[in-house]
Amino acid sequence: MKIATFSVLLLLLFIFPVALAQLKFKFYSESCPNAETIVENLVRQQFARDPSITAALTRMHFHDCFVQGCDASLLIDPTTSQLSEKNAGPNFSVRGFELIDEIKTALEAQCPSTVSCSDIVTLATRDAVFLGGGPSYVVPTGRRDGFVSNPEDANEILPPPFISVEGMLSFFGNKGMNVFDSVALLGAHTVGIASCGNFVDRVTNFQGTGLPDPSMDPTLAGRLRNTCAVPGGFAALDQSMPVTPVSFDNLFFGQIRERKGILLIDQLIASDPATSGVVLQYASNNELFKRQFAIAMVKMGAVDVLTGSAGEIRTNCRAFN
């Protein structure tokens, strides 16, 4: 994978104090020198079969990192006696676990008990973003896997789609993200879809009024009402690509400026004074958006990580050792 020079320079400049304090680039260069190549090749194969893997892995990485840190706690399967983060409401539709399993199996065959599941998620997400048209960027590695996975943590911590802009900025800010990072991470919705349960109130009964949300384009609201009349309906979060939302670009920001945001928080960032200027910058400059997204992803990947002797290296990403 070709790494763009601007990405390397900016990442070193902006996230060195955050990420490199505990993690390091090329962590597996001696212990498992082919690790990143193995991950990339398997992600490429999956992307060729299903380009929506970009959105799936980005969401998985987000949901893992913001609950107890990037420790692969989201990958743990529940047992008959113990639930896991997979049982949390926000995680019901998280997918991509089979690809992580496939990568882990390949790495265990070549480098047993060496590459953590949390690093696999981070690397696989990076590769999927690039394949989907997003930025290429380097990520430090050396994460270790956690020992705890509870649905209560995810239910309590992960933000709902109707969070306020103030709440969203506070959520990200508590993890070291600024407004540019926060809005850039929401830009991942350029490759996402949402089930009707996350937005149906905006098109049918906004805040109990019996009417659609006035901040939503009325033509879009009508189309979404039809979509949600069918059980199991969903919609592309980027309405510039309503059929195949798999192209990673800044068109999402232009859409929300035209009142075509699907999730409430997406629409709010386009109008709130705290974020609207950033939205305009990203809508006007695709390279700026991609550059900041790369920075934000590396910051996110360093949230509350376990390193050194903390945690473990799972041999099966779905179960503690």
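Every residue gets a Cβ built from N, Cα and C, even glycine.
Per Swiss-Prot, these features apply:
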ACT_SITE  H63  active site, proton acceptor
BINDING   D64, V67, G69, D71, S73  Ca(2+) 1 binding site
BINDING   H189  heme b binding site
BINDING   T190, D238, T244, D249  Ca(2+) 2 binding site
SIGNAL    1-21  signal peptide
SITE      R59  site 'Transition state stabilizer'
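Overlay of Swiss-Prot annotations on the structure.
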{"residue": "R59", "record": "site 'Transition state stabilizer'", "Cβ within 10 Å": "21"}
{"residue": "H63", "record": "active site, proton acceptor", "Cβ within 10 Å": "19"}
{"residue": "D64", "record": "Ca(2+) 1 binding site", "Cβ within 10 Å": "30"}
{"residue": "V67", "record": "Ca(2+) 1 binding site", "Cβ within 10 Å": "28"}
{"residue": "G69", "record": "Ca(2+) 1 binding site", "Cβ within 10 Å": "20"}
{"residue": "D71", "record": "Ca(2+) 1 binding site", "Cβ within 10 Å": "29"}
{"residue": "S73", "record": "Ca(2+) 1 binding site", "Cβ within 10 Å": "26"}
{"residue": "H189", "record": "heme b binding site", "Cβ within 10 Å": "25"}
{"residue": "T190", "record": "Ca(2+) 2 binding site", "Cβ within 10 Å": "28"}
{"residue": "D249", "record": "Ca(2+) 2 binding site", "Cβ within 10 Å": "19"}
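The distance from the Cα of D64 (Ca(2+) 1 binding site) to the Cα of the residue listed as 'heme b binding site' comes to 17 Å. Using Cα positions, the member of the binding-site residues D71, S73, H189, T190, D249 nearest to R59 (site 'Transition state stabilizer') is identified as H189.
Here the candidates are the recorded positions H63, H189, T190, D249, and by Cα distance the one nearest D71 (Ca(2+) 1 binding site) turns out to be H63. Among the recorded positions H63, H189, T190, D249, the residue whose Cα lies closest in space to that of G69 (Ca(2+) 1 binding site) is H63.
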